[in-house]
Amino acid sequence: MTTDLLEIQPRELKFTFELKKQSSCAIQLSNNSNHYVAFKVKTTSPKKYCVRPNTGIIKPKATCDFTVTMQAQSIAPPDLQCKDKFLIQSTVVHAGTTQEDITSKLFSKDCEKYIEEKKLRVVLMSPPSSPVLVPKNGESKQDPSYETSVQKDKVPSGVENIPPPHKAVKDFEGFEPTKDQDELRAANDMKPCLTTEDVEEAELTKDGLFLNLTKDFKELTSKLNIVDSKLKEAELTIMKLTEEKSKNTQGKEMLKHELEILKRKNGMRNVQVGFPLLYVFMVALIGLVAGYLIHP
């Protein structure tokens, strides 16, 4: 596209850094097109910042504000140098698109639609110095030199002076090339910024998942114990059946041996009780001869 979908003001996120205190910064998005534009805010440090809202839909030629809150920090970065970055993605959507339709898939680069991306860097500022009280006529009054310094830092309309843009350019030029490459890699791997509600929901979801996993683990453990006991019972049954089979086999062998012994004994008896046929004929012949001789 020839023109930008969104105009971002300001182009830097400026936070007044104080230890153990939150700091907020407002950003305004202006839709320069004649279409509905959906946007999504991402950051390299999602646990450090809270964005509300982090997604939204802007009507044609309309504006939308979102607030970025930096969580309270316990350690100050060296020289208040911060490498955190924000990425604002935007794309054209249909007029009927709702907030629920804004998902990560909507801003996927795999689609053929145009995805506009703009990066914002984070600038940390020291808190304004407190006014110096000078005793005068027994009363503490503000030091005139402090009032003069404050007036120099303000324009006649009462709005604080903003450093000239060339200063920001110099700040960017001060980075080393390797650090810029690392930051670009981090910016390409940015994650969506989570709000406090999202974090609470994520923690509740995490706790619920943990409870479900614990229950599932206990159920699986009980089922495994039941299966283990059944396997032991099956092993005992198999051992008993094996012993019975071996006993049956031994019984069969003994029965066979006894049958063979009985068969041998019956054979011997048959031999002792019976008479050969020739022996019978000889006895009959002798009887006939003797009878003939006795009775001529």
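Cβ from N, Cα, C; glycine included.
All annotation found in TrEMBL is predicted automatically rather than curated by experts.
Going by TrEMBL, these are the annotated features:
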DOMAIN    5-125  domain 'MSP'
REGION    128-164  region 'Disordered'
COMPBIAS  138-155  compositional bias 'Basic and acidic residues'
TRANSMEM  273-294  transmembrane segment
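Beyond the ends of the transmembrane segment (273-294), by six or more residues, the same chain brings no residue to a C-beta distance below 8 angstroms of the stretch. Summarising model confidence by region, the domain 'MSP' (5-125) averages a pLDDT of 91. With helix defined as DSSP H, G or I and strand as E or B, the domain 'MSP' (5-125) counts 10 helix, 61 strand, 50 coil.
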